[in-house]
Amino acid sequence: MMSLPFYQRHHEHYDRAYRHKALSSTVSQYQKETKSKSAVYAQGSAAYARGSAAYRHSSAAGFSLDSSAAYSHGSSAYDLESAAYSYGSAAYDHSAAQSKRSAAYSLDSESLSTSSAAHSHASESINKLAAAYRLGSEAYSLGLKNSNLMIEDQSYKMSPKAKRAKQSLISEDKENEALDYSVPIFTGRAVNISGITDTEEERIKESAAYVAKRNLFATGEGVSVSKVAKTTSEEQHHEKKSRKVAIRESAERVAMKKTLEETQAFHKKLNQDKLLHAPEFIIEPRSHTIWEKENVRFNCSVAGWPEPRVTWYKNNVPIDVQAHPGKYIIQSRYGLHSLEITECEFDDTAQYHASAMNVKGEVSVYASLVVKRYKGEIDASLLHARNLSLSPFAVTPHGYASRFEISFVDKFDVAFGREGETMSLGCTVVINPDIKRFKPDIEWYRNGVLITPSKWVQMQWSGERASLTLTHANKEDEGLYTLRVAMGEYYEEYSGYVFVRDADAEIPGAPGAPLDVQCLDANKDYVIVSWKQPAVDGGNPILGYFIDRCEVGTSHWTQCNENPVKFARFPVTGLIEGRSYIFRVRAVNKAGVSLPSRVSEPVAALDPADRARLKSHPSAPWTGQIIVTEEEPAEGVVPGAPTDLQVIEATKNYVVLSWKPPGQRGHEGIMYYVEKCVAGTEDWQRVNTEIPVKSPRFAVFDLSEGKSYCFRVRCCNSAGIGEPSEATEATVVDDKLDIPKAPGRIMPTRNTDTSVVVTWTEPPDAKELVGYYIESSVEGSGRWEPCNNNPVKGTRFICHGLSNGEKYIFRVRAVNAAGLSEFSQESEPIEVKAAIAAPSPPYDIVVLESVRDSMVLGWKQPEAIGGTEITGYYVNYREVVDGVPGKWKEANIKAVTERAYRIQDLKENMVYQFQVAAANLAGVGTPSKPSKPFKCEEWTIAVPGPPHDVKCTEVRKDSLVLLWKEPVYSGRSPIVGYYVDMKETEAKEEHWRSVNEKPLQKKFLKIGGLTQGVSYVFRVRATNQAGVGKPSDVTDAVIAETRPGTKEVVVDVDDNGVISLNFECDQMSPDSKFIWSKNYEPIEDDPRLNIDTKGGKSKLSFKDLGEDDLGIYSCIVTDTDGVSSSYTINEEEMKRLLALSHERQFPTVPLISELAVEILEKGEVRFWLQAEKLSGNAKANFVFNDKEIFNGEKYKMKVDRNTGLVEMIMDKLEEKDEGTYTFQLQDGKATNQSSLVLIGDVFKKLRDEADFQKKEWHRKQGPHFVDKLGWEVTDECNVMLKCKVANIKKETHIVWYKDDREIMVDEEHDFKDGVCTLLISEFSKKDAGTYEVILKDDRGKDSSELKLKDTAFADLMNEVCRRIALSATDLKIQSTAEGIRLYSYVTYYVEDLRVGWVHNDTQIKFTDRMRTGVTGEQIWLQINEPTPQDKGRYIMELFDGSTTHKKTVDLSGQAFDEAFAEFQRLKQAAIAEKNRARVLGGLPDVVTIQEGKALNLSCTVWGDPTPEVSWLKNEKSFVSDANCILKFESGKNVSFSISTVSTQDSGKYSIVVKNKYGTETSDVTVIVMPVSGQTDTAQGHSQNNKTVSKKKKATTANKQKEVGKKDFIKPHIEEITATEETPDPNEMPPVETEKDTKSNQ
């Protein structure tokens, strides 16, 4: 018989890891109908994966199922492939192996016939499952969309199988038969699938989208079969149908076919266009998951006219068969298309799709391929599934061992955390035997439910240690965590509880955050959100909850309800169809709003009725939205009335209705209108007036609380609105679900020293309970703390984290969606201490001595003593005759306290077996396993028997103490010593080595030199004159380590000189005791010792330590985990302790400081010393030159017993005070003294210092200087004289002097911050001198002087120069008419600041062409008429007396070119400005003259070359004539004369001077006033003519701007003369002049 190894029989972990764990949770975002799963053969069907896994658990024998069927389709038949499936693995669902079969089939056939079905397991359940599976797969292959096999959902929880429950594998005559299927080899459940796609999340969502699409498509036809399973008898019955029935059915089919053909022919004649239709995939390719080196085939069937052309793509790239010869095989026959990929590799993992296209359109279908890579060490040839047969490799599990021992080391304990923290759990796993090529399956569970990795949970397996990390702990993470480690059929588990407390509230008094937010129902516009109430209400009742939503892909949260809701379910409306949302909930009380809960899983807003008509696109990028397309609805009929309308939920805020669609509804989709009316009326109102709903479920809001309503529903489609349904019964708008009543019978019981088990009874009439919250309180404190933050189900809970020895009371309250119940009655108080249990069995029974009729047995103490000390042991024995044991007999009636016992009245030469049971206060424990048989015969050997009761104590990281008892049988001579052997635990027997070379006389040994962390075992052998006897039983393994919290025995000598050894233990139980030993023998009534124990402390005191007390003193604390320590007192230690004791008996007063002297502020002299401590009876004597001095006018003495300070103060020192001062102290028995000698220079110096200090004190009684006058240079390079003063008042004056001359300041100083300042701006040599400042008021005066001369002045000027140099700006370049100027600005310039210039690292020698200077705050270098040799790097060096500060500019390249060009331009502009034509002697602006008089105007012009002169009158050219004479003489004198003016001569006259450099115009306005009389000549004088500066118009030839104001020449105003024909000497003609010069430069 050949059995399959476990990893081939049970590989359901593959489905769990790749599909069930993460995929099912993601599919729930698309579809909440999880009560049934489709078994139609399709990729991603989790239902069959679970069914297959369940079957594999029930049977390990594989069977093969071959099916073939023959059908006809009209007159044409063709051959296709069918698959042979292996039901014993998931290979069928993931394309593990396929065998080719030929079959012909008909698309219109209604019957299926099975030609062959053979399997090796004769179970009826397997027959049913095989038939159901076969029917589903064949239905899918034929494209029958109305076959939907429903399989009950199985919740994936912890396996119910028993530990190490091996399954028997029965094979019936199949041992030598090659099985027709292949099974991949798995090495792990979660590790194998890593790296399949870019990210696990994308792969899961991709697969989930496909599964959702498949399920929506499959369930959309409205026809489902709840259970399809044909048994063999049903098939036989089908075959036995009568001939008459068969003929009738055949005739009906023929008639139906003929009618169909006639109808189709008729439609073709009516409209030939109907022959054309877009492609449509009848059978879509399914996804596959396979191993490397396997082949895979994608098949699809497509219909359409004209015949579509099918193209295959890999990751949206067309597959090129020619580029990969032999890799891809593409076939197309009769509408059936296939893509075969041979010898698949890991890189073939991709998304494949087939695209069909004709003139009517294009359509695509998608399928995924996942190629798994084996990560083990097995030959890859074993993975070729098509040639794999069972080999000797698979005979036993792993081929090595049939049983594994799994143990946990360094286990995690009960953990406590807080929301938002990171928590980690871990265990070191030890598996024996260790087979490296096979890895264990590591699974984590929370409250029995498998945990999958997510952003909240991370799992690691290092090969030795399994760990789970909660990256952001929430209260949802609280629960019992279980680590399961499985090796095939064998597994072990370890569990620990994790508690997660609420995070600190942002608002004091705010409640804790709600938890476990879920979406119960999803529609296209609303989602019902549920949550659990928090355990912590912040001290105030919770008023309600706010629900927030956020669209996936955004970070904007929107509050869904305006007013808090109390019911823990709420329908959220206003969602956008097709988008995904996440939700969170916040609790609110009168103190404020809590922190938000953990967000829910994403949910898509889709109408359940629409999902059957929506097509999901798995290839679309995951954006949190489902991209959907709607099919065109067909024409329909008016629908009937909905049925089974009922109210499924009613609260104060909303009512949820549910109904069933009508039977009469046509072929198109239907929608619904919901109507309501107040009960007792017929006033029906439509609720959804705008948009009808599409799903048979609706939430009605805006109802009046307390009123009764009736509801009804109408259907509608394109044909119209149907009749209403029957109205519901009157429904009162109120919470149907009541708050539960309080639980009862709270019963606490002891568990451990930090936990208590609390039980209670369920409250009566409880409905929809979510769980319970438990609270605890220390008795009498009145402060209640939650024991759990996640409601627990059941009526039992272990409350952890309690204080040992405290008394607690407990209370419980129940939780449902309506709220939290009242608290139960408080439990009875219970003290937290470990529960007492019977001890575990003793072990390692050995015979210590044997005589004719008795035997002495020895054994080891039980590993678990049951929480209290063992009171005794009971021994049983039985005879063994010819290997057959007899009945057990009691050896002792009264319990024995030692672990050795002599059994009397045995039969000589009889073989016996023994067992021992330990007893404590809880009772007698389980007896040990029967010992190996021992023969009762007298030992005659000469050597001693084995020592017994060997145990280890005082275990530390590098040492331990080994104790033992002498053998019961000593041999033929007395025992003379012992040998101790040791070895590492894992070492072989030949590695035993002796610790001591010479035999030990004592029965204990401290063994050192151990390696930390290494495990050791020990044994002891006794020796006598005959030799070394049998070794003792080996000790238990001991790891050399110092456990945390280990304490040692401490020696102490008290104030009375009493020497004691002290030991403290903080791990004691209520029954623990301190056991003191000397040389490891218990101390009993020793008159030299006194033992005192209080609580967790014990003291061993010596009454009179002497040589008799030398030895090793050890202390062991019972009922602990080996708490022990020892202290050795030898002769040297005894002498030290006795000396210390004498010092304590006759003590001295310890001093912190010896006698010292200091000068006080007022010049007083203080003598002082300080003792470490002084009692209230301490006294001090003061002695000067051997004479005691006392407190009085000269000596002020003081003793501060609190601080130990002793002091004496003298007002002043005189010559007679020279000498020796002594302070004598006495405090009880303790005494001490200290002296100080003050003579000679020491005394003189001290006295001078006291006198100076006294004078200083008197000075400081008035205004005075704390800091003398000093200076500093400000950032503005000014000098500030400053000093710090003290003891200033309002009347205090400050006066500044320089060289004995008072400095007048503008304002009085306000002494702000006690600082006086005098600011000297632009400090220079003239400010050198002696400065003095004087403070004075009615209390006195003080002065401070500062000399700023010579060196002091030089230092100050250096600092000023340094600050000025630091203030220099970067060098800049400026072009002028003379050349190029380099300049920098400083705060201000002083002569002491030396300036130098460097050109290309060469010091510049200044000439007329290269000049430097300072203008104001500008330091410049002028380069006149620059040449290319002036290019280069220029450095300005500022030397402040000690440091050279440099500023650099690069005058080369573009910088030089631009500066030189600007220089040329400015130079030309200066020449033009200098030589342009201009009017120097200006004309008056206005001349007023009487008619008939003569007018003479003249001016001077200038220009080089000589300008041209022209005149304008009223902007028109004007020339000389007989009346007006214009003259231009000597190139500069211009005159204008009119002999006799008339009114026609009035106007504006302009003189225009022009040369090549520019033009200037000067205007004069002449006003002629008509008068009568003689003609005379009027002379215009300056004293009666008003002349102002004239603006001139000047235009230069090159249109340049003026260079500077200094280049202007101010116009010279000359005398204006006016002449008349008949002058009148008595008349002064009014002449008004205004100078106007307009210049255009």
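Residue numbering: from 1, along the chain as shown.
Here the Cβ of each residue, glycine as well, is placed from N, Cα and C on the backbone.
What TrEMBL says about a protein is an automatic prediction, not a curated fact.
Residues annotated as compositional bias 'Basic and acidic residues' in TrEMBL: 1599-1615 (among others).
The compositional bias 'Basic and acidic residues' feature in TrEMBL is assigned to 1632-1641 (among others).
Under the heading domain 'Ig-like', TrEMBL lists 279-370 (among others).
As annotated by TrEMBL, domain 'Ig-like' applies to 397-495 (among others).
With helix defined as DSSP H, G or I and strand as E or B, the domain 'Fibronectin type-III' (513-608) counts 0 helix, 45 strand, 51 coil. The feature domain 'Fibronectin type-III' is assigned by TrEMBL to 513-608 (among others).
Residues or ranges marked as domain 'Fibronectin type-III' by TrEMBL: 641-735 (among others). For the domain 'Fibronectin type-III' (641-735), the model's pLDDT averages out at 86.
Annotated domain 'Fibronectin type-III' per TrEMBL: 742-835 (among others), in sequence order.
The domain 'Fibronectin type-III' annotation in TrEMBL covers 841-939 (among others). Helix first, then strand, then coil: DSSP counts for the domain 'Fibronectin type-III' (841-939) stand at 0 helix, 47 strand, 52 coil.
The annotation domain 'Fibronectin type-III' is assigned in TrEMBL to 946-1045 (among others).
Feature annotation from TrEMBL assigns domain 'Ig-like' to 1044-1130 (among others).
Summarising the annotation, TrEMBL assigns domain 'Ig-like' to 1263-1349 (among others).
What TrEMBL records for 1489-1567 (among others) is domain 'Ig-like'. For the domain 'Ig-like' (1489-1567), the DSSP-based tally of helix, strand and coil residues reads 3 helix, 50 strand, 26 coil.
What TrEMBL records for 1575-1641 is region 'Disordered'.
Note on the domain 'Ig-like' (279-370): DSSP counts are 3 helix, 58 strand, 31 coil.
Here the domain 'Ig-like' (1044-1130) sits against the domain 'Fibronectin type-III' (742-835); at least 3 CB pairs are under 8 Å, leaving out pairs fewer than 6 apart in sequence. The domain 'Fibronectin type-III' (946-1045): residue composition by secondary structure is 3 helix, 46 strand, 51 coil, according to DSSP.
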